[in-house]
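Below is one structure, written out as structure tokens, with a few remarks after it.
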2 protein chains.
Amino acid sequence: MDHLKETERSSKQIYAGKIIDLYVQEVELPNGKTSMREVIKHPGAVAVIALTKDGKLLLVEQFRKALERTLAEIPAGKLEPGEEPETTAVRELEEETGYTAKSISHLVSFYTSPGFADELVHLYITEELEPLKTEAHLDEDEFVELMEVTLEEAEGMLANGQIYDAKTAYAVQYLQLRRALQNT
Amino acid sequence: MDHLKETERSSKQIYAGKIIDLYVQEVELPNGKTSMREVIKHPGAVAVIALTKDGKLLLVEQFRKALERTLAEIPAGKLEPGEEPETTAVRELEEETGYTAKSISHLVSFYTSPGFADELVHLYITEELEPLKTEAHLDEDEFVELMEVTLEEAEGMLANGQIYDAKTAYAVQYLQLRRALQNT
């Protein structure tokens, strides 16, 4: 849709960080006027719907400084430079849960905040979990607590705000859809 | 979960912008060591699943500078200071689509990127659309194109990447779930 395109006139890097970079850009709008865009660059991330043999969903509880609270989320993590998303997905699953996946499938990818950030989340699913023989290690500054919950428990956590993020809400709805289709 | 909590030791504002602010914070981790967190503050946003009388979903196509491409998304927009999310939802629907809603219901809210941003999206649904009698006006720097699509068309757009963001992927899956439950 070329008639909607914004053409970059200038771009200034405000911040180069550990996880994100910030740019302020001047753009020419479709009507010829100019405006300003704030853009966060992010390496992208993966998340995994990981189901145990008895159908429980793995969640990791983690403190989120941006929100000043803990959230229960599906296992997730940032892409490392050059790493394939599927490799990241298995690595983060191992580090955060102590399980590995014998097989894993890509489900969907989505941008989380297209209005200001380029973060793309790749969502995977596995039902082929195996306990790791040797412990995997979290990042030095990462502290998480593993939970294994039924779909009904996850629905309750969504209702009471323990689950409160887009990828995990999507994951719970995905499992609701799968249950509904199995009952059709 | 207090044993997961990170305690702020310092916070430095790097950028104060039109839509987002950026802070870099030093935190004390649960093990007593320190680390650094990058935090984006955002005013929050609303999004609307808006269905016409014949069951079509309203989408707005819009250029997203952060992604350097257009996306087809459900109508959405940022909260203004002090504005109730439901008011924002109706206002953004009117501005972006030319429809208003006789009634509108809150469906779910979720944080889009809890790892680095506090953006909270409030998702609404309406099936009570009415064409506006007088045209509503978009923000000066906003250019969008309205689409009305069937659920099957939306599924195709998700498969081919025209739909590619979390809130719209969630919305399509919500309609899939509703269809599946109606067929049960």
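From the backbone N, Cα and C atoms, a Cβ is placed for every residue, glycine too.
What you see is a predicted model, and the numbers here were worked out from it, not measured in a lab.
According to TrEMBL, B:Ala76, B:Glu92, B:Glu96 bind Mg(2+); the candidate from B:Glu26, B:Glu28, B:Glu142 that the record adds to this site is B:Glu142. Each residue of the domain 'Nudix hydrolase' (B:40-171) gets a DSSP state, and the totals for helix, strand and coil are 28 helix, 53 strand, 51 coil. Cβ neighbour count for B:Glu92 (Mg(2+) binding site) (all protein chains, 10 Å cutoff from its Cβ): 23.
Each residue in B:Val60, B:Gln62, B:Pro75, B:Gly77, B:Leu93, B:Glu95, B:Leu138, B:Val144 lies on the same chain as B:Ala76, B:Glu92, B:Glu96, B:Glu142 and has a C-beta within 8 Å of the C-beta centroid of that Mg(2+) site, without being one of the site residues.
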